[in-house]
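Engineer: What TrEMBL lists as transmembrane segment is 42-65, 134-153, 194-212, 224-244, 264-286, 306-325, 337-356, 362-387, 399-422, 428-448. Taken from TrEMBL, the feature domain 'Major facilitator superfamily (MFS) profile' applies to 43-516.
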Amino acid sequence: MEQPEGQAPNMAQSAASKLSQIGERTKQLGNAIQDPERQKRIILVIVCIALFLDNMLYMVIVPIIPDYLEGLQKAADHAQAAAVHTNSTNSTTHKVEKGNFDLQIGVLFASKAILQLLVNPLSGTFIDRVGYDIPLFIGLNVMFLSTLIFAFADNYATLFLARSMQGLGSAFADTSGIAMIADKYSEEKERSKALGIALAFISFGSLVAPPFGGVLYEFAGKRVPFLILACICLTDGILCLCVLKPFSNKERENMPVGTPIYKLMLDPYIAVVAGALTICNIPLAFLEPTIANWMEENMHSSQWEIGMTWFPAFFPHVLGVYLTVKLAAKYPHLQWFYGAIGMVFIGASSCTVPACKNFGQLMIPLCGICFGIAFVDTALLPTLGFLVDVRHVSVYGSVYAIADISYCVAYALGPVVAGQIVHDLGFVQLNLGMGLANVLYAPALLLLKNVTQMKPSFSERNMLLEDGPTGLYDTIKMEQREKKRKGLCTTIDENGIETFAQRSYSEEESSGGEYA
């Protein structure tokens, strides 16, 4: 009995030492997370997972929902056939419902982009007011709920609700995530690289989702792919809560007031970028709902070929992102040129799609379209951040809401309009029109040629004085930025008005310092 009593203090000491070790490791982990460089990387991981999930959920329903709804329709037809024995009434009803089936699928697919398009102006303003972390956390929660609803939905109305909720979550998560990357990676080279990585995850999610969903739906049922995505979304939300601590309110009170979204929309440079983002995504958005039927009718393609149509395009998309990031690092003043090259690539590739005679030939123009989109997106998304830095206030929620609106315009029209254009004009005319639009719009990017020569100090001073002599407003704005600046001095401008001028800019304040 004495030996166990003697061992009790030793066991207590060992337990206490283990607890202290665990406490030290937890403290070290907390310190590592608070390190600015590591925190930037963790934030990039959180945002990339959110963007990956959103695009996985956007495309995973492509092989699942039409077949699932068709099964529900057949079950309803059998139930009706059992109740009604009149053959003529039966056949007429079936034809009417079959005619509406494609429209129902198109509206279901487009509902996400339509709601996202409507919510984005509000979400951009909300992000500018409260910061980036709370909207990201809200978006992840809404996406988690929509994924669970997808898993357990058993009728069209519930699926429509889930799809619309995904658009609501995306309006917050996507916009705040991209804006957070632009805010944390304020140096232009780092920003281009970080946004390039985010675009690669967007592409990977979009292109890997149809095979992922199709295989799991075939062998494990409808619920499994959505439950897997819900688990990943929950994990990302917990990571966001632990690392970003969205409700701590540590920096929100010192945030500068962002430029209203309507003023950003009226900026000609931002308008040109937004137009380019919309037009370059139209071929992808319009081909996704129409190319499967065209392949069946003209190539007699098998189901596996239709399912794998877009997957090979992932590799040239990543290559395009990589090349644009490298070129932008060496020649940053040519961002507009990379975007123009991308639009020409998209236009030429879109025009050659109808000429393809087999699956192997079709891969070439589809890869060209995704390669061109990578060039445009990777060159112009950082340009939006730079334009806000030098022409407005360095708060990025509204400007990336405009970018998201640009994407949503294309993807809201695609599932609804593309099929009707093919029916009325033909598949060849659709592709020629999309290709011509991209080639003709490319010269408009010449307007961005001298953007990198703009000076942030001049633009910010104009921004502060554009609404007249609001001295208290100017003073508050400068006080909010005082912590971020190395020094401020008072100068007299050419009109004899006393203004604030910056003595030296920190890298965090101006991402365009190297171009000024």
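Glycine is no exception: its Cβ is also placed from the backbone N, Cα and C atoms.
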Engineer: Would you say the transmembrane segment (42-65) and the transmembrane segment (362-387) are touching, if the rule is that at least three C-beta pairs must lie under 8 angstroms and be 6 or more residues apart?
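Structural biologist: No, the transmembrane segment (362-387) and the transmembrane segment (42-65) are not in contact.
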Engineer: Could you check if the transmembrane segment (428-448) is in contact with the transmembrane segment (42-65), meaning 3+ Cβ pairs under 8 Å among residue pairs at least 6 apart in sequence?
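Structural biologist: They do not touch: fewer than three Cβ pairs between the two stretches lie under 8 Å.
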Engineer: Per the definition of 3+ C-beta pairs under 8 A with sequence separation of 6 or more, do the transmembrane segment (194-212) and the transmembrane segment (264-286) touch?
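Structural biologist: Answer no: the transmembrane segment (194-212) and the transmembrane segment (264-286) share fewer than 3 Cβ pairs below 8 Å.
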Engineer: What else in the chain is close to the transmembrane segment (134-153), if you only count residues 6 or more beyond its ends and a Cβ gap under 8 Å?
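Structural biologist: Hits for the transmembrane segment (134-153): 46-47, 50, 53-54, 57, 61, 123, 126-127, 159, 161-163, 165-166, 168-177, 180, 222-223, 226-227, 229-230, 233-234, 236-237, 240-241, 244, 246-247, 397.
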Engineer: Could you give the residue numbers and ranges of same-chain residues that sit at least 6 residues beyond the transmembrane segment (264-286) on either side and whose C-beta is under 8 angstroms from one of its C-beta atoms?
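Structural biologist: Same-chain contacts beyond the ends: 339, 342-343, 346, 349-350, 369-370, 372-373, 376-377, 380, 383-384, 387-388, 391-392, 398-399, 402-403, 405-407, 409-411, 413-414, 417-418, 421, 430-431, 434-435, 437-438, 441, 444-445, 447-448, 451.
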Engineer: Under an 8 Å Cβ to Cβ limit, what residues of the same chain, 6 or more beyond the ends of the transmembrane segment (337-356), are close to it?
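Structural biologist: Cβ under 8 Å, 6 or more out: 276, 279-280, 283, 287, 291, 299, 320, 324, 327-328, 362, 364-369, 371-376, 378-380, 383, 427-428, 431-432, 434-439, 441-443, 445-446, 448.
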Engineer: So which residues does the transmembrane segment (224-244) touch in its own chain, when a touch means Cβ under 8 Å and the partner is 6 or more beyond its ends?
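Structural biologist: Same-chain contacts beyond the flanks: 33, 39, 42-43, 45-46, 49-50, 53, 56-57, 60, 64, 133, 136-137, 140-141, 143-144, 147-148, 150-151, 212-213, 216-217.
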